[in-house]
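J.: The structure that follows is given in the form of structure tokens.
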Amino acid sequence: MALFTPPSEDKDGRDRSGGGDKASGVVRTPFHLRPSLGLALWGPLVPASDNRAGLWTLVGLQTLMGAFFVSRFRALRPKLLKRDIADFPSLNRFSKTSGDMHVGPVHVFADFGGTHSFHRRAGESPGFFQSRRFVSLKRALYLSTGVVLLVQSALESARLTLLVYDPWEEQARGVRDKQFYNDVVRYYHEGVDPARFIVKDPASGNTLPVNVPEVKQGVALARAHTNARNIITRWLGPLDCKPLSSSEFLDKLEHYLDTCDFIQDMNNKRLFGNPAEVKARQKALDALIQANKENRRRIRHILDITPPRGLPLSPKAVDQGLRSIILDPDHESTEDLDLHELWSIYNPWVDLALDTSLSIKFLPTVRTPEELLGDSEDTAVEQKNPPVQIKRERG
């Protein structure tokens, strides 16, 4: 006998346990906002930290918005009107002089009377949206919004340009590469569904079996590349990526800067060492440079006051070989040399014959009795030739 227990649902058919997603097998991927220093206004539209093009696009749009609000603030300021005095007959009735007068947008001569004030009634006041207070409020909102947007754009631009090491960018790049590798492995183990994919040989055009490892690897790479080129993945990166918090970002950045300072200090100590030794080496180097300059000056002075060929030859020039070619110092060009005479005196073949002593000797091979007994009896013993010596006599 079997016992059936109905699921714990209410009258509406809803699951009371709250495990509907788990029972249906649907796994919801949590989405985390991408970090930034000045793009918090865009919320989930902020791209991944390694998407430089997307970050610069949002920075440009935010800068344009800030400039628009600042321009609206400037447009709502009180305008000064430029009038000529001749346009006011009550002020220039008996005079022919003229001049410029700057007045505000509200007539300052309303108390003096005039046709422009006939339409106004006693006790009439403008509405709230036309009042100065509302205009001032709008100007304050425009100015504050524009300044905040421009400052945030400047912060994000400084992060993208001034920071040599960005932990958020490094993490986003690493997570993106890891997702691509995991996708390749997952698609490879999933295999290829013949109903969805048809693999053909590019050379012959024949259909290939989908269970071949090479085919599975190629299809897995193609699917991983397609997933990586998805517009959402390219903009936001892996959706399940949880970026570093602000405190972790600052800790990693501080650690990087401290490491750079430590390495720089170690390099400086290795190069310079003790300050006293550095000063001593610097003084010795300066003294050596000064001595070299003095020696060059003295040598140049001696060469200037000495006639040509007045200096003795260098000791290295005197120390020559026995059959070195010695030329007359009076010869200044190759035309002054007698080639036949030089060839007869310094014949290189004669020098080679004098320096060469060649002797060739053929010596018999000496074998021990044990070696002779170990050989087979039918092995013929070759007769050894007498030693021959060839000597090349010097010519």
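These residue numbers are counts, starting from 1, taken along the chain as shown.
Backbone N, Cα and C define each Cβ position, glycine as well.
Here Swiss-Prot flags 1-27, 372-395 as region 'Disordered'. Annotation source Swiss-Prot lists topological domain 'Mitochondrial intermembrane' at 1-52, 157-395, citing similarity to another entry. For 8-19, the entry in Swiss-Prot reads compositional bias 'Basic and acidic residues'. Positions annotated as transmembrane segment by Swiss-Prot: 53-70, 140-156. Under the heading topological domain 'Mitochondrial matrix', Swiss-Prot lists 71-139.
I'm curious about the neighbourhood of these features; can you describe it?
T.: Outside the transmembrane segment (140-156), and at least 6 residues removed from its termini, the chain residues within Cβ reach (under 8 Å) are 36-41, 55, 58-59, 62-63, 65-70, 72-73, 76.
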J.: Suppose you look only at the topological domain 'Mitochondrial matrix' (71-139); what would the mean pLDDT be?
T.: 62
